[in-house]
Amino acid sequence: MKSFLYLIGGTSLAQLITIAASPLLSRIFSPTDFGTFAILTTVVYFLTAFSCLRLDFALLSSENFTELKWLLRKSLDILLVISLFIVFSVAVFYFFQKQYLEVLIFIPIMVFFSGLFNILNNLTLKLQLTNINAKSKVLQSGGGVLSQLILGLYQLGFKGMAIGQILGFIYSVTYLFQKNINFFKEIFKLNNTNYKISTYKRYILYDSVGAGFSVIANHLPTLFISAILGANFGGSYYMAYRVLMLPISVISISISQFISSKYFEWKINGVYHDNLKKILNFMSILVFIPSFLAIFILPDLFSYILGSNWALAGRIAAICIIWIAIKFIFDSLIITLSLDKGQKIALIFQIFLTFIRILSLWVGWKLNLDYFYIIKIFCYVSLFSYFSGILIISYVEKIRLYEFIENFLIGLVSYILIYISLEKLFFMYFLMFLIFLFWFLRLRTSVIIFKEVLR
């Protein structure tokens, strides 16, 4: 349980820093800056998925220190080669196009440091150095946000956001390297081993491509929305998505990493599937009722906290929050497919997810629908797509979804009751109080069960 608390504590503090800085960042940088930065980070995240060919993720499944050292060395070698290839590709592109230099120059730098951060992050998880892992996340987030705020005062636009993010990675990578310096010395002492790169083809062929499509599924909608609806609308969508994902990804990332670290132990003890069921039930209780009720307050909340320029982002957030709640659960459990050698299934689903969500935007655009109708169609398709993903995971991992569906329906009924009582304020607030009390009691019981999983 201590290791999980370190993981969630570090992630929580890192995300809290970003959340706390959002009102300042939203006033320093414009929606257009956020839109351009979203395009840049989408390209970077996509390339980062291939930067180590997912051997950085294979570190978590290494069976001994020799294999761990070999994988670490190969990950670093591949990262360096691919980063240099990206530098060459960017140079060739600029040589022929003579434009976009202010964006292109950041791509190889951000990919390299992002890939290096992933390698060191997974190394500390494998070595059970969860306290160091937690501190590195705080350094990355805090250092990056502080740098963005300072650079934003110099009116650098999206370039200030990009440089700030790079500096955040540099702070964290430097710290992680110092803490693991002795381990790094060992990788250069490795003699010939029996390990071959072909042994890890599942990670290279399926995991890396699947991770790439995961990035596309998460970030390409932002690019597409910016392209067809304008940079201002795209920047507002990006801010809405960013704000909603920050708090729930705290738990999502921590649970995913915790499942990875406990996989072999749970399998040996025969509690793996039962623990996954408990985790699924806990997450569905945690998010559904608050998400449905948040629909009523998000538009005003965005305007009040982030400023009147972000009123559009608040309206978009209210439309998006339910599918993002389901995505939160999906993201927490998708790791199980990779752990159980289901990379091919995960890859096929990520391709489907990318195609169907982009298709929904394209169809809405072709029909010349109102912008908000396009977003609503996209959100409904996203909701059913991620729900399908949870169905696939439940089938592969033998998890029953009764409690999940029950918790979703409770949240939906809560929303309907509040919606009906909107014109009777006293009754509405009283009803909302009762719903939150009901949610708190259910959550408290679920937390007790969840603590058993953390032991």
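Backbone N, Cα and C define each Cβ position, glycine as well.
The transmembrane segment annotation in TrEMBL covers 37-57, 78-97, 103-125, 162-182, 203-233, 239-259, 279-298, 310-333, 345-365, 371-394, 401-420, 426-443.
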Seg_contact(the transmembrane segment (310-333), the transmembrane segment (279-298)) with at least 3 CB pairs under 8 angstroms, min sep 6: yes
Stretch contact, the transmembrane segment (162-182) with the transmembrane segment (203-233), Cβ-Cβ under 8 Å, 3+ pairs: no
Spatial neighbours of the transmembrane segment (345-365) far in sequence, C-beta under 8 Å, 6+ residues away: 206-207, 209-210, 213-214, 216-217, 220-221, 224-225, 228-229, 334, 337-338, 373-374, 377-378, 380-382, 385-386, 388-389, 392, 396
Close approaches to the transmembrane segment (37-57) from elsewhere in its chain (Cβ under 8 angstroms; 6 or more beyond its ends): 29, 71, 74-75, 78-79, 82-83, 86, 103, 106-107, 110-112, 114-115, 118-119, 122, 158, 161-162, 165, 200, 203-204, 207-208, 211-212, 214-216, 218-220, 222-223, 226, 234-235, 238, 338
Positions on the same chain near the transmembrane segment (103-125), where near means CB under 8 A and six or more residues out: 36, 39-41, 43-45, 47-48, 51-52, 56-57, 59-60, 68, 72, 75-76, 79, 82-83, 86-87, 90, 93-94, 132-133, 136-137, 140, 159, 162-163, 165-166, 169-170, 172-173, 176-177, 179-180, 183, 257, 260-261
Same-chain residues near the transmembrane segment (203-233), Cβ under 8 Å, at least 6 residues beyond its ends: 31-32, 35-36, 38-39, 41-42, 45-46, 48-50, 53-55, 57-58, 197, 241, 312, 338, 343-344, 346-347, 350-351, 353-354, 357-358, 361-362, 365, 371, 374-375, 378
Positions on the same chain near the transmembrane segment (239-259), where near means CB under 8 A and six or more residues out: 3-4, 7-8, 11-12, 15, 18-19, 22, 26, 31, 34, 125, 222, 276, 279, 283, 286-287, 302, 306, 310, 313-314, 316-317, 320-321, 324-325, 328-329, 331-336, 339, 454
